[in-house]
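Colleague: The structure under discussion is supplied below as structure tokens; questions concerning it will follow.
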Protein chains: 6
Amino acid sequence: MSRIDGRTAEQLRPVTIERGWSKHAEGSVLISFGDTRVLCTASITEGVPRWRKGSGEGWITAEYAMLPRSTNTRGDRESVRGRIGGRTHEISRLIGRSLRAVVDLKALGENTVVLDCDVLQADGGTRTAAITGAYVALADALAWARDNKLVRAKAQPLTGTVSAVSVGIVDGAPLLDLCYEEDVRAETDMNVVCTGDGRFVEVQGTAEGVPFARTELDALLDLAVAGCAQLDGAQRHALDTGALPPA
Amino acid sequence: MSRIDGRTAEQLRPVTIERGWSKHAEGSVLISFGDTRVLCTASITEGVPRWRKGSGEGWITAEYAMLPRSTNTRGDRESVRGRIGGRTHEISRLIGRSLRAVVDLKALGENTVVLDCDVLQADGGTRTAAITGAYVALADALAWARDNKLVRAKAQPLTGTVSAVSVGIVDGAPLLDLCYEEDVRAETDMNVVCTGDGRFVEVQGTAEGVPFARTELDALLDLAVAGCAQLDGAQRHALDTGALPPA
Amino acid sequence: MSRIDGRTAEQLRPVTIERGWSKHAEGSVLISFGDTRVLCTASITEGVPRWRKGSGEGWITAEYAMLPRSTNTRGDRESVRGRIGGRTHEISRLIGRSLRAVVDLKALGENTVVLDCDVLQADGGTRTAAITGAYVALADALAWARDNKLVRAKAQPLTGTVSAVSVGIVDGAPLLDLCYEEDVRAETDMNVVCTGDGRFVEVQGTAEGVPFARTELDALLDLAVAGCAQLDGAQRHALDTGALPPA
Amino acid sequence: MSRIDGRTAEQLRPVTIERGWSKHAEGSVLISFGDTRVLCTASITEGVPRWRKGSGEGWITAEYAMLPRSTNTRGDRESVRGRIGGRTHEISRLIGRSLRAVVDLKALGENTVVLDCDVLQADGGTRTAAITGAYVALADALAWARDNKLVRAKAQPLTGTVSAVSVGIVDGAPLLDLCYEEDVRAETDMNVVCTGDGRFVEVQGTAEGVPFARTELDALLDLAVAGCAQLDGAQRHALDTGALPPA
Amino acid sequence: MSRIDGRTAEQLRPVTIERGWSKHAEGSVLISFGDTRVLCTASITEGVPRWRKGSGEGWITAEYAMLPRSTNTRGDRESVRGRIGGRTHEISRLIGRSLRAVVDLKALGENTVVLDCDVLQADGGTRTAAITGAYVALADALAWARDNKLVRAKAQPLTGTVSAVSVGIVDGAPLLDLCYEEDVRAETDMNVVCTGDGRFVEVQGTAEGVPFARTELDALLDLAVAGCAQLDGAQRHALDTGALPPA
Amino acid sequence: MSRIDGRTAEQLRPVTIERGWSKHAEGSVLISFGDTRVLCTASITEGVPRWRKGSGEGWITAEYAMLPRSTNTRGDRESVRGRIGGRTHEISRLIGRSLRAVVDLKALGENTVVLDCDVLQADGGTRTAAITGAYVALADALAWARDNKLVRAKAQPLTGTVSAVSVGIVDGAPLLDLCYEEDVRAETDMNVVCTGDGRFVEVQGTAEGVPFARTELDALLDLAVAGCAQLDGAQRHALDTGALPPA
């Protein structure tokens, strides 16, 4: 059975990772998973939030947002409504946790990195694209920090690599990297964040309709681990060459 | 190896479920998982939010909150700060989704149930206690709705039962139902929501320190499924007798 | 003429004062005036708000809130609405002033006590139950502060005792300690806060329907003073024995 | 003993009531109690808030505010801070209740009157000046409503008159109409709202330092009743002549 | 062709400038442009906002607001809505910039002046009246600062004078100082802020209906410059004599 | 004298206009003025805001925002701060007014167009780039509306074209289209919005340091009119060909 866009069940959408998209940020990446496009910038500054001062450790945090017309029908701006919605909060926290999982905050020293992930166009998988892109922006910002002596020359703040992908059960079949249309129809929806060595940072599975069985969960995890391994390759290629590997 | 409070790795804390705690609410439960105490009330009203009107379907939503001094050091009130925090949003949404997974919204008709879960005392596992207690409050409110003709006599809005428990890896060992002290030290922390027939509604695992392996994930899921089966028994006992089963 | 619940005009509802309700707070009391139940916790911390630093004096403040389903119909959460309502503000300020009236802030030293009064179930008189319970929680927290050397051993921060009761004119008759049904029908409604020696800390009388005469005001004050004297006894008994005096 | 400004204990400050201060409002009054100046406008519009529709009754509400530099040191604007403070809420509610006490909402019909009381200069007694001035603005607006057929020709929405004054105990002596300097030093502070026939609408007494005795309360009430009788005269004179009676 | 109120095209409305209106503020002016009345107070305090500390320079800022019933139909309070509207923000910033243009912030030293411009009654031209009045209040506050040694005796913080006027094209004709009725009908609306020597601080022209041509722009600028010269005279007269020059 | 980036005084930076950037919006443009990049989307929906219903006329509004790291140092998100800043408000209003100036709202019918202008990278002139790009997005959305029968086939909602440019005096010399570095150093800064036939929609000039003379104003207006004429050409070329004209 083939999917809406002709992919097989275990196939990612085309992934592009464009580094150095912004002239201001210490790290910046425009990442796309198919039609989903997220601009990820990493801003590094000396110093840490008050509750961390004097600890000798740094801090990594993230903010996710969607442009009002990144979606099919325009959404209200959260700045105009005067409050951040629950979904935005949830995803911002997820991105921050995911990246902290591969950073040695002691080696970072008392510096703060803010990862801004702004969705320019949404077609499913915005949070997983954000994590995958933010990792590359973070790596660039940490390299900048070493070049600019914010971080000691021998410090290794990055302890691993991290990427994320969505999986789900659609019409009974487990599928990798759902686009919006598939996501809407999914009975179960899962976001998985993996390190480059195949371990888990986050596993978030949700039954949208009927509850799911252990065997289904296992199938989804298998798909996700394989998908993250491919994304890990795309990240490495982008970091090595500045160019995108052939899909 | 025995735990802080003398439990074995696969043992729940004492669970109590006190129904009918409030004289006003259609369903109300004071649930405790050890020293964690959550007051869950179910408020049912005719009508649905505007975006659902005319659909013939009902709605279930939840709001979670902690009293300022439910914790060891006092937290600011979110009402005074003027905004709901990210964690509160996240847990409220989780509770709502978990209960909707066992409700046939068509059978509910155009009625709304709000589940308020207020943590009176916190000692780890507040969200899982909230889900487990809210299910019982919801069952009572739906019985009330049938008695009061809000719902047709033959309608079966409840399609199953649901409970939740936390699991985690502490000092390398998978443990069931973490208390606060264990939760703080956990390397991996997972909340699992199961139906009474052992399927999953939500699986949320997070690596707090080091990423976790597939074998660890499997061990945690095993523990959680067994824990939820016990909680399912406690819920049934409370609903059958109004009294708590011996621990 | 007997009242809805069979009381005489000058009779209080049954009062219970359960100390040590919370394992975290320095002082905590679950107080009930009939079906009205308020959880009062006292949190004491070193230091004072910025505007008081260096004064050598402490600070006492209070926050009152109602759980959404403490009432007959569910109310919106103030945290969700994003702002504290006028009534909440008013009552929080009243509780704070009432307790400060019996505290020597100099003897307290530069420490802060926050009294959280959360209404778990409402049936009239929530603010007066809150003041009466908060006094006991405060006394316990100040004893804790002496034991833990936050306050000097010989300091006497408490200069008196304080309790509060509502009175009102219902169908032309002055009544003590109104329950919700009486409160709704009252032509005049008054909250009185007294010290243990029978003097006034606050007198707040409001004509709900027709204005009230001086003779009516006098009768209400007489009732309130007698009611507070009984509450003073209940507080002393709770503090002496940890148990409630027979009603 | 004479007071700071040479008055006797039972003497009001000079009172001026200037009607028709604004060309836009249906009723408008600039009232002064000594150096305290409050602009009171009454805005009447057809219709009532949603929760009152179809009741056949009108609604009266009030909003109190202070200009930032009406006081000795500049206060932040509540609009800039993004929230109304507790004191503002409390006083707005007091003004609204006080005026509703002398209005027959049925006779008003489904019309709404908003009383805006903006303190242009503050020197103690701003809330009592606001109530006293708002009554006159309200009377003018109701006359306008009858002339403009918003209210039936024979309807008598006003059922009485209302004014307010502060009293307090300063250095042991009961004083009428405290100016700011006296207010700051007062041991007890009371605001009393009376109808023209000498009955009470509101009595709000607060011990700022030591609690107060019944005899003190009685003395304050005597002073307040006499003060309100004088203010009632000033209101009548203003309404009869458009000019202020000689002090 | 004569105007609604009988003025010629190049005639200002009667201008009054009443200094010393408030007993608390260091400078205060009640200014009127016809029926538009704005209370301008200048509050000067030692110290500057954090971002300016140690710079040796002072700061001038302004806040503009309208009383709810300053207009023909009552507007909601921004404090109640919980946010400042765009128009309020815009005008506050304009007033601040306009006054900073004639102040040497170095000569002011590390002091802050806040100009509060509260519209008591609106009939067009509120922002231009506010700037014109605020200048006089500022001049008084700076004189007070010198007398009170906040500013060195020889410092000259004021480097010029500033006033403002509106101009517009109504029914094809360029008019000076529009009243509300003219403003509503204007095709082009322009606010011009000039120094006493005829140079520009701000020029803000807006086509309300059809775009305007360069010749129209030139005619409007001519009118405005002449109007500001007259306002400059009124300001000087008020500052010299405390009285208003004959119109 | 040549400029920082080698341009002459009357030269624009390279302008690119990329239509159809987003797959969701009815009109979308990524515009760049040198390193300033703004994503402009036009969202058209049936219906108008409540205050316009039944008027037969449509509505055009705009929202401007900057991504947090579009600037050299990261700015806080307005959604996180919970309020829109004054500058954002001001620019959003300016964009909306500018576009309404070339739209016949009657011909638009009761439809609403929202123009979202999100600055992805800032280097001066963000508001003028936003207006210039938003015009093209609006034109595309209106064409879409005609194709999709939202607007009648013969309706001509667009009555002209509009573009905008900044001008300023830097080191005494009038310059066109300031980049950030020039903008910071400008003594006078002006934003001019022109129609394609050379008339003015908005003229906003501000003296940042010293006030400016009439001759300087004239020189700036000359530059701006010439700059807008070039931008008008770039817009037409983009709309005709979908491609960018050679710079």
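A Cβ is built for glycine as well, from the same backbone N, Cα and C atoms used for every other residue.
The annotation phosphate binding site is assigned in TrEMBL to C:Arg87, C:Gly125, C:Thr126, C:Arg127. The domain 'Exoribonuclease phosphorolytic' annotation in TrEMBL covers C:11-141, C:161-226.
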Colleague: Looking only at the domain 'Exoribonuclease phosphorolytic' (C:11-141), what is the mean pLDDT?
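Modeller: Reported value for the domain 'Exoribonuclease phosphorolytic' (C:11-141) is a mean pLDDT of 95.
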Colleague: Please report the three-state DSSP label of C:Arg127 (phosphate binding site).
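Modeller: In the DSSP reduction, C:Arg127 (phosphate binding site) maps to helix.
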Colleague: Determine the most Cβ-crowded residue among the binding-site residues C:Arg87, C:Arg127, using a 10 Å radius around each Cβ and all protein chains in the structure.
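Modeller: Compared across C:Arg87, C:Arg127, the most Cβ atoms within 10 Å surround C:Arg127.
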Colleague: Count the residues of the domain 'Exoribonuclease phosphorolytic' (C:11-141) that DSSP assigns to helix (H, G, I), to strand (E, B) and to coil, and report the three numbers in that order.
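Modeller: Here the numbers are 42 helix, 43 strand, 46 coil.
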Colleague: For a three-state summary based on DSSP, what are the helix, strand and coil counts in the domain 'Exoribonuclease phosphorolytic' (C:161-226)?
Modeller: 19 helix, 30 strand, 17 coil
Colleague: To test your reading of the phosphate site: which residues beyond C:Arg87, C:Gly125, C:Thr126, C:Arg127, same chain only, put their Cβ within 8 Å of the Cβ centroid of those residues?
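Modeller: Going along the sequence, the neighbours come out as C:Tyr64, C:Ile91, C:Val119, C:Ala122, C:Gly124, C:Thr128, C:Ala129, C:Ala130, C:Ser166, C:Asn191.
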Colleague: Taking CB atoms only, which of the binding-site residues C:Gly125, C:Thr126, C:Arg127 fall under 8 A from chain D?
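Modeller: Qualifying residues, whose Cβ lies under 8 Å from chain D: none.
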Colleague: Which residues in the same chain, at least 6 apart in sequence, have a Cβ under 8 Å from the Cβ of C:Thr126 (phosphate binding site)?
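Modeller: Once residues fewer than 6 apart are set aside, C:Thr126 (phosphate binding site) is near C:Thr36, C:Val38, C:Tyr64, C:Met66, C:Ile91, C:Val119.
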Colleague: Suppose we draw a 10 Å sphere around the Cβ of C:Gly125 (phosphate binding site). How many other Cβ atoms does it contain, all chains included?
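Modeller: So the Cβ neighbour count for C:Gly125 (phosphate binding site) comes to 26.
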